[in-house]
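Beneath this line is the structure, given in structure tokens, with notes to follow.
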Amino acid sequence: MADPRSSSPSSFPRSDEVELVVISRPSGNIDAAQPPPRAILGPTSLLGSGLCVISALFFSLMQVCAHLASGTFSSAQLMLVRSLIQLVVCLAACYCAGVNPLGPHGIRLVCLFRGFLGAFSNFLLYYAIGGMPVADANAIFFTNPLFTMVYAVCLLREPSTRLEICSLFLGFAGVVFIARPSFLFGSSVTLEGGKETTVSAVFATLLGAVVGGFVPIVVRYVGSAVHHYVMVFYWGVTGTVMSVVMAIANANSFHLPPLSSALRAYQLGIVAGMFGVGTQFLYNKAMQIEKPQNCAMLRQLDVAFAFVWQHIATPSPVYTLSIVGAVMIVISTCLLLLEKIFGWKKTRQSPQAVEVPVVSGGVAPQIVGRE
């Protein structure tokens, strides 16, 4: 009987899909206590962090534009403009990329739920910045990393490093310094940037933080099963429906000022919508490749950005604690980014993070083919 190993390769049936499995035979001199090889960290996590930072910049610009336009338009009107712009831009992007905007079957309800969470939390924030300063609204809204970390640990079993936890609380302390809540600092200032803080605005912002903190969890759960354009599309759909319902509930929402007398407000509303679309594209992509608690934490940079834009665009005073808080947020973000950069370089240079050698300890690995 002929040895099958000596047969010609052409005698075997060919297949276009063949899986090769490399089984490395350990030699006797390998230390049993040696830790298993670690996988090389790719640049995706670092890319996700960078996308989060850029999305925070766009989000802060969107908020300032909406804040300036809120004196002319209601929160429902501003939300409707942004949702329509996002819907049109996303449909065009899906058409150019050849992506079905509805997503694959079996996961569409999850995408719709993610769109509802994002649109609802954004509407609450739009409502809040119409009744309180932008920086104060951000200070409350961006407590959502605390909720995201709790959700991630309880639902996704996502681990958190000590540096991530320290960065989270350092950034949260910076948020508190910028907001200067009355129960900690006293009611020394009630007016800032021409806006008086109302109880309903504070409640809406806090509810937005609770709801918004769950968004990275849903996107992380879906992962790369759907294109991030699909997430943005469902946000636009739910945001449009929600804005129309709110506009119908308030009859004054259909009364628009003449274009000649409110041209600047119209321009600000459109620019806010464009920045909002850019934010959604970047943030949804980042949440697919980065840990949810890190995404929410990096978005705290929006508080520092909005603090700067508010004092440039509005005649509001500058407080020392606000500057200290903004610096603390920037430091917490830099610590997290440096951990990503140096951690990636360390694992790339680690001798344990190498590919399986062709020959290990003098014994060649066995290659098994399987269709």
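Cβ coordinates come from backbone N, Cα and C, glycine included.
TrEMBL does not curate its annotations; it predicts them automatically.
Straight from TrEMBL, the features:
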TRANSMEM  46-69  transmembrane segment
DOMAIN    48-179  domain 'EamA'
TRANSMEM  75-97  transmembrane segment
TRANSMEM  109-129  transmembrane segment
TRANSMEM  135-156  transmembrane segment
TRANSMEM  168-186  transmembrane segment
TRANSMEM  198-219  transmembrane segment
DOMAIN    201-337  domain 'EamA'
TRANSMEM  231-251  transmembrane segment
TRANSMEM  263-283  transmembrane segment
TRANSMEM  295-312  transmembrane segment
TRANSMEM  318-338  transmembrane segment
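Here the transmembrane segment (109-129) has Cβ contacts under 8 Å with residues 63, 66-67, 70, 75-76, 78-79, 82-83, 103, 137, 140-141, 200-202, 204-205, 207-209, 211-212, 214-215, 218-219, 221-222, 226, 230-231, 233-239, 242-243, 246, 276, 280 of the same chain, all six or more residues outside its ends. Residues 46, 49, 53, 135, 163-164, 166-168, 170-171, 173-178, 180, 185, 294, 297-298, 300-301, 303-304, 307-308, 311 of the same chain lie 6+ residues outside the transmembrane segment (318-338) yet bring a C-beta within less than 8 angstroms of a C-beta in it.
Counted as Cβ pairs under 8 Å, contacts with the transmembrane segment (263-283) are highest for 75-97 among 75-97, 135-156, 295-312. Spatially, the transmembrane segment (295-312) is not adjacent to the transmembrane segment (75-97); fewer than three Cβ-Cβ distances between them are under 8 Å for residues at least 6 apart in sequence. Residues belonging to the domain 'EamA' (201-337) score a mean pLDDT of 84 in the model. Residues 110, 113-114, 117-118, 120-122, 124-125, 127-132, 137, 140-148, 151-152, 155-156, 231, 284, 287-288, 292-293, 295-296 of the same chain sit 6 or more residues outside the transmembrane segment (198-219) yet have a Cβ under 8 Å from a Cβ within it. Listed as Cβ neighbours of the transmembrane segment (46-69) (distance under 8 Å, sequence separation of 6 or more from its ends, same chain) are residues 78, 82, 125-126, 129-130, 134, 137-138, 193, 195, 265, 268-269, 271-273, 275-276, 278-279, 282-283, 285-290, 294-295, 298-302, 305-306, 309-310, 313-314, 333, 336-337, 340-341, 344. Secondary structure of the domain 'EamA' (48-179), assigned with DSSP and counted as helix (H, G, I), strand (E, B) and coil, comes to 106 helix, 0 strand, 26 coil.
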